[in-house]
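Per TrEMBL, NAD(+) binding site is recorded for A:Tyr129, A:Gln190, A:Asn213. The substrate binding site annotation in TrEMBL covers A:Ser236, A:Gln258, A:His261, A:His327, A:Asp360, A:Glu414, A:His419. For A:Gln258, A:His261, A:Asp360, A:His419, the entry in TrEMBL reads Zn(2+) binding site. Annotated active site, proton acceptor per TrEMBL: A:Glu326, A:His327, in sequence order.
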There are 2 protein chains.
Amino acid sequence: MRRLDARAADFEAGFAALLDARAPDETGVGAPVREILAAVRAEGDTALCRYTERFDRLALTPDALRVTPDEITQAYESTTPELLDALKLAAARIEAFHRAQLPSDLKYTDEAGLTLGMRWTALDSVGLYVPGGKAAYPSSVLMNALPAKVAGVARIAMCVPTPGGVLNPLVLAAARVAGVDEIYRVGGAQAVGALAYGTATIAGVDRIVGPGNAYVAEAKRQVFGHVGIDSIAGPSEVVVVADGSNDPYFTALDLLAQAEHDELAQAVLITDDAAFGDAVAAAVDDVLKTLPRAAIAGRSWADHGAVVIVSDWGQAASIVDRLAPEHLQVMTADPEGFAATVHHAGAIFMGRFCPEAVGDYVGGPNHVLPTSRTARFASGLSVFDFLKRTTTIAASEDALLRVGPAGVALARAEGLDAHALSLSARLDALGWNGG
Amino acid sequence: MRRLDARAADFEAGFAALLDARAPDETGVGAPVREILAAVRAEGDTALCRYTERFDRLALTPDALRVTPDEITQAYESTTPELLDALKLAAARIEAFHRAQLPSDLKYTDEAGLTLGMRWTALDSVGLYVPGGKAAYPSSVLMNALPAKVAGVARIAMCVPTPGGVLNPLVLAAARVAGVDEIYRVGGAQAVGALAYGTATIAGVDRIVGPGNAYVAEAKRQVFGHVGIDSIAGPSEVVVVADGSNDPYFTALDLLAQAEHDELAQAVLITDDAAFGDAVAAAVDDVLKTLPRAAIAGRSWADHGAVVIVSDWGQAASIVDRLAPEHLQVMTADPEGFAATVHHAGAIFMGRFCPEAVGDYVGGPNHVLPTSRTARFASGLSVFDFLKRTTTIAASEDALLRVGPAGVALARAEGLDAHALSLSARLDALGWNGG
């Protein structure tokens with residue numbers, strides 16, 4: 001863990017180290033991913049089964065790729081009532097927030113007489129990639145699937161790797177709660193290839209979303225353009241801005257909740273109270289003695305964690321903007337006021353009783369957020385990921401007479417004569433004398 | 001040109017050929033682009049100048065990379081008043097439409113007592129790539145720069161290659177009209193590298209937009225994640241849906257306005273009147289005899305053009321959706337009614353006096369649109385490309401008591417103990433007895 005004092009002369013050097021990319025090593029994945037995608041495109045299910053056997057140690061025939069309704073029902077029915085209720089509460093809250101997020105169409109007639117519009121329509125089909133193994137989280141199934149449902153996507157196909165054939169039953173239960181019943185036990189670049197190009201068993205989709213490992217990220221990059229993709233997810237991070245009135249133990253838990261995700265995760269405390277910073281650091285060390293995922297969380301905290309002391313909240317806000325964190329938790333006397341001064345953050349959690357974990361599960365807003373400083377330009381998953389815009393223009397004869405001549409001038413200047421003629425021929429027919 | 005009859009038995013075979021990708025050959029650009037990006041990242045301006053000399057036959061020192069204020073002023077003042085007025089009319093209309101497009105923030109307190117929000121903020125900096133040579137269009141400068149301005153982007157850096165040192169003065173005039181004064185005479189993958197990683201002369205940006213050749217597209221793909229990018233633009237297309245009441249000559253011009261862009265462009269007429277289809281095809285041949293860009297337009301029409309005869313407008317709409325065209329022009333008795341039945345199109349132009357060229361210049365909506373069937377999942381350039389969303393959650397103690405227990409249950413089920421503890425420790429402090 002780094003201790004940085006924003007008032008000190010050597011702050012910039014230490015801060016630069018903190019900003020250093022924590023990107024996983026992706027060198028060398030380009031070529032194997034290209035090979036996998038080409039094989040899936042050419043051979044379809046045969047290649048899918050071959051790679052699933054190789055990478056997931058699971059021998060499958062094409063007819064077993066799809067998870068059966070019985071398997072889903074069995075998983076759903078084996079879920080405890082408490083967990084089912086929790087999944088349903090989370091789903092209802094996520095659905096409500098994303099419904100509030102739905103944008104409105106636009107339509108107006110302007111003073112030139114043109115009627116201009118913009119309308120939103122849902123994608124026909126999307127693919128959800130759900131990581132397997134340690135990161136197969138039912139909450140992520142809800143967070144990925146429900147915005148697509150709310151947007152009105154008719155077909156949602158989910159791919160989840162099942163290393164050794166093991167599939168978290170809660171992932172299936174969450175899929176059932178979210179209304180997703182098309183699920184395939186396939187992962188990695190081969191799953192991305194199947195979703196992008198389609199196979200006999202898995203029909204192609206229009207857009208692929210969801211986080212994955214370096215192979216999945218590279219595969220999404222390579223199929224981009226043929227289908228849409230979401231952001232490439234990197235290791236995640238939290239910045240906690242807290243004054244000395246907070247409970248050091250609570251604050252330590254908030255930092256560790258991020259650190260326990262991944263050794264590359266980053267947890268940063270920014271405070272104006274150096275003694276509080278020390279108390280939180282001591283509490284972190286204390287909790288690490290008993291935390292089940294202490295090996296991961298401890299590594300993350302040691303390598304990428306930091307306590308930054310600032311002279312005031314203005315300085316804190318400017319440091320937050322430079323970190324552009326995925327998660328920002330604000331526990332000061334005026335969290336709303338502080339949040340208003342921040343430009344770059346994926347999601348902001350405000351109040352001493354609003355830890356980031358609220359947003360991971362039951363807050364309502366999406367927990368799939370821009371990581372690794374991409375909040376400078378990217379946004380969390382939303383209904384916008386599953387909608388597209390079509391603009392419309394309607395022009396009457398009079399409207400064309402008003403705006404057409406300028407179009408003719410520009411088209412001629414660009415050397416595009418058919419463009420100019422398509423306007424001027426009509427203007428001429430309307431009695432224009434300008435051309 | 002293909003003649004297809006949607007009522008005929010062999011329609012699907014002919015239509016499949018029409019759907020065949022018109023993607024430019026990008027094989028083999030991956031490796032050279034990787035090399036260029038690595039060199040720009042390592043050597044900065046030195047590499048920029050080296051590649052500019054190699055690819056654009058232009059020897060430069062770093063201090064000459066940026067276009068000077070004098071050059072911009074000179075270009076602006078050399079523009080005819082007619083063209084300046086046309087640029088200004090176009091700019092005012094583009095600005096007005098994109099201002100209408102600006103989304104609203106969201107904020108509400110729900111029945112559980114959580115205050116949820118979503119706010120939009122502008123990117124700090126964006127890079128605009130403007131193609132050089134034959135495709136250096138001033139209208140595209142307006143279409144790329146003005147949405148960023150309207151969104152509130154503080155810094156806009158434009159890169160445009162100047163092969164042999166030649167720069168279209170209208171491109172500079174359009175930049176002045178759009179309020180862009182940071183312009184660099186550099187193009188290709190090296191420009192994308194400079195915008196993504198920054199050099200001593202060109203500071204890095206957060207997002208890169210604008211179309212380019214295969215090298216530019218591949219470079220954008222490779223820097224994606226480090227910065228944001230827009231869609232990868234492919235060859236463009238128009239579908240004109242017209243009944244027999246239209247003027248065949250006007251309709252032919254509309255098709256050729258697309259065909260004259262690029263030999264890979266695609267122009268398709270869909271009509272319910274076979275005789276009208278023949279008349280339009282004859283008019284196309286006729287116009288091609290005198291059209292200045294007949295070589296390009298003729299090639300496009302011969303290779304990728306089509307006239308499709310349909311039995312009714314319902315059939316036409318389903319064919320449009322399968323083509324998911326960049327541009328859809330509707331000239332029927334009820335264009336609004338027809339447009340409402342279409343799901344996939346970048347932009348729709350309605351009415352017999354609203355050719356697509358209106359939208360290229362003076363309509364107001366953006367002319368940078370999803371090409372090559374990507375309208376299935378992608379949208380035209382807009383203020384949304386220059387904004388990002390931050391979600392917010394504020395919870396009181398009471399609110400945490402209502403939703404927190406479900407979060408604890410889910411966190412425990414996912415094996416994320418610090419997540420669970422960050423909630424349950426607070427709940428315990430509030431007198432919770434559930435954990």
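Residue 1 is the first one shown; counting continues down the chain.
Using N, Cα and C of the backbone, Cβ positions are placed for all residues, glycine too.
Positions of TrEMBL features highlighted on the structure.
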residue  : record                 : Cβ contacts under 8 Å, 6 or more apart
A:Gln190 : NAD(+) binding site    : A:Ile36, A:Ala39, A:Val40, A:Ala47, A:Leu48, A:Tyr51, A:Thr52, A:Phe55
A:Ser236 : substrate binding site : A:Gln258, A:His261, A:Asp262, A:Ala265, A:Gln266, A:Glu326, A:His327, A:Leu369, A:Thr371, A:Ser372
A:Asp360 : substrate binding site : A:Ser139, A:His367
A:Glu414 : substrate binding site : none
A:His419 : substrate binding site : A:Gly407, A:Ala411
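When secondary structure is read from DSSP and collapsed to three states, A:Ser236 (substrate binding site) falls in the coil class. Chain B comes close to A:Asp360, A:Glu414, A:His419, taken from the binding-site residues A:Tyr129, A:Asn213, A:His327, A:Asp360, A:Glu414, A:His419 by a C-beta to C-beta distance under 8 angstroms. Secondary structure from DSSP puts A:Gln258 (substrate binding site) in a helix. For the recorded NAD(+) site, residues A:Tyr129, A:Gln190, A:Asn213 set the reference point as the centre of their Cβ atoms, and the other residues of that chain within 8 Å of it by Cβ are A:Pro131, A:Cys159, A:Pro161, A:Gly187, A:Gly188, A:Ala189, A:Ala191, A:Val192, A:Gly212, A:Tyr215, A:Val216, A:Ala219.
Using a 10 Å radius centred on the Cβ of A:Gln258 (substrate binding site) and all shown protein chains, the other Cβ atoms total 31. Other Cβ atoms within 10 Å of the Cβ of A:His327 (substrate binding site), summed over all protein chains shown, number 27. According to DSSP, A:Asp360 (substrate binding site) is assigned to a helical segment. Local packing around the Cβ, expressed as the count of other Cβ atoms within 10 angstroms, is greatest for A:Glu326 among the recorded positions A:Tyr129, A:Asn213, A:His261, A:Glu326.
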